[in-house]
């Protein structure tokens, strides 16, 4: 008997955007309210896991044709590069700074270099979680 | 670097060139090239005799590790010169002998001469070093090169056994000696022996004095084959005979004698030194000569004879130390013992060296060293026989050879010792002449066995592998030289007294120098009808009778049980050591991780609990504690219930779910204690790990799928309760003793001002302590890659199939 996952798949299609949006919110709000790269990354990964549960691994691979090991590696690279970047300003490794800018749409916004570092964390967490789950899932 | 330093180092430099000589001049025996060096060195050292005779000592120093006071300082005085002459002189003769003894076609000559040169240099370094640590360095080099020389024929099992045995025993002593040297340098604040001697007045009161003395003596006794460390010497006879002649009769075994003589000025005044050195020496003398009689192998006889003679020299050095207590007397009779020691040292080197060479000739020409097969060689090998007679008669103490004179002086020493008024010698002193006399009788017997069983009696050519004939002249020259010295040093002993013995005495007993700073030693070959001459006559008479009736009384050797010999003790000890360490390792290295965990946790409990109570560190106050609310209590109860459920769950699924309950309650605790970031992360991480646990559970092999509760083990209960208690106690005391305020107020102020963030946790993670985060994400990457490779790269998959 072929199982019919229609409800699950439909709900997933809607809810995944909510989860992704929430995870992005968690990520970007991290500097001011609870959240940040780690929890944001986990939440994004959770969205992808939900996709994996509702559809099979092949479909997910078609939608996101990404090698998640590379995602983790890129994340690590970004984190290291933000640290090295501080050398150009003649300050110690991983020194962060911030400033307030008037952006066209958003108005006055605080931008911190720490967010760049957090992007690294975010990507590593997604990459690591997805690598582990995919590897175990595809194992026989 | 002075010439003296180069003289010490020259054998090492020469050893570097030996392989080239061996490789490029195959036609010429390598020994000829090597021979040049000891001859040059001997003549070089010979010219110093006039210096030391006049009391002028040479001191040259080169910094080696000056920051900690280790200098390569060479010090040439009477004692050092005597040994240097022995080393180079006998070294030259032994090398000449070895040229004829070792075949250039069959033997690995380059190895032999490299080891021998190494040994010669090391030995020169031992006797000429003033710095104790440099002395120790050379001392260990002698042990090492002796090890290599004993194991020269490494294909033979017995050679390897003997080499290992000598290595273990002498290195054991060497390390003890190093400890003694370090104690000495702690007491005196210097590494120089001369400076130690200059501080000798204050040393005996020091608490480290006796330990230092015992440790130094341990080194000397093991090296000089004193009882009970003598057992390595007979087994070292597996070495080629030139090695036995050189190392195990003339030089290396005298390193211990040298050490005792060298440190006499420091230690000899004490009661313990006198007793230990003289009684160990006299026991060794008796035991060596007693055991030598029952040996059937010529080299074994000589080995035990060497042990016995070294014991004699040692006991003379001990007895001579009594002289220090009688410095008010004009005619100090106890000094005679030290003179006898130095004189016998020279004599022993001459006759024992020649005897070893004679035995080597017999071995070389007949193919055996077993006295039961030998006999009647007198007619075949007349020169060798003559040499053997001279050597053995000197050893037995028969006039007109030098051994007679040193034996007389030895008897004088022990007879004087019996008259000593100090150190309780009134009661025990009489034992010394008695034991010495009995030992001399046995010495006489084995000397006679050595010469008469080999050279007289029935000629048994059928028992020999080769047809014996006289040795080549080159092989005979070295023993002839030594034998002529044996004869010359007998009646004309006084040529030694001024040139060699007096300067050596000045080094051994510097506090007893006469008015003009020198000794006056005069050796009389004939000293009238006194007790010593009657003792010698008794030795000869009784010895002759016992030699003739040897077969009748030699059964007494069987009375002594074979199981109780020192060799059995050594072998058994080694086996027991190996076995017990194997058992010990087997006992605690079980291979079960639960046993190791028990050990780790038990250790943790013991260390933490004991330090908690010894330091009286337990403190419990409620002043820092916050009030406990109803939510915390309820949540804690839930957690405890879940934890208990894990322990008593029948199925694994229950355990996993309970673990999930614990994890979610922890995240609720985070909520209660106002840590939203932690709560979020904990929730998701807990979910993921529970899912992973379920995955593991699902894949458990079906074979043992019988769900059963945790089996009960009392030690596990005790240990887990212990760990829980200890950690709780520690946490309570840590909370009770907060010594300073937290630094968190800084983060509260700075997180917005300096980092532009309001989420303090996140600011700390990415900004203040971003470095930690960087490596935490690296850890995550490594974990992911690990899982990926473990699952994808299963190289054994096909094989197990």
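From the backbone N, Cα and C atoms, a Cβ is placed for every residue, glycine too.
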Query raised in the report: Out of B:569-590, B:679-700, which range is noted as transmembrane segment by TrEMBL?
Result: B:679-700
Report summary line: Grouping DSSP H, G, I as helix and E, B as strand, the residues of the domain 'MrpA C-terminal/MbhD' (B:637-702) number 56 helix, 0 strand, 10 coil
Query raised in the report: In the domain 'NADH-Ubiquinone oxidoreductase (complex I) chain 5 N-terminal' (B:64-112), how many residues does DSSP put in helix, strand and coil?
Result: 31 helix, 9 strand, 9 coil
Query raised in the report: How about the transmembrane segment (B:208-233) and the transmembrane segment (B:533-553): at least 3 CB pairs under 8 Å, pairs 6 or more apart in sequence, or not?
Result: no
Query raised in the report: Are there at least 3 C-beta pairs under 8 angstroms linking the transmembrane segment (B:245-267) and the transmembrane segment (B:79-100), leaving out pairs fewer than 6 apart in sequence?
Result: yes
Query raised in the report: Excluding the flanking five residues on each side, which residues at least 6 beyond the ends of the transmembrane segment (B:245-267) place their CB within less than 8 Å of a CB in that stretch?
Result: 79, 83, 86-87, 90-91, 94, 97, 116, 119, 123, 126-127, 139, 142, 146, 149, 177, 184, 193, 196-197, 200, 203, 209, 213, 216-217, 219-226, 233, 236-237, 239, 273, 277, 302-303, 306, 310, 313-314, 317, 321, 341-342, 345, 348-349, 352-353, 355-357, 360, 504, 507-511
Requested in this report: Over the span of the domain 'MrpA C-terminal/MbhE' (B:713-792), count residues by DSSP class, listing helix, strand and coil in order.
Outcome: 65 helix, 0 strand, 15 coil
Query raised in the report: When you scan the chain for residues with a C-beta under 8 Å from the transmembrane segment (B:300-321), skipping those not six or more beyond its ends, what do you find?
Result: 224-227, 230, 233-234, 236-237, 244, 248-249, 253-254, 256-257, 260-261, 264, 268-269, 273-289, 291-292, 334-341, 344-345, 348, 352, 355-356, 359, 371, 395, 410, 413-414, 416-417, 432, 436, 439, 442-443, 446-447, 449-450, 508-509
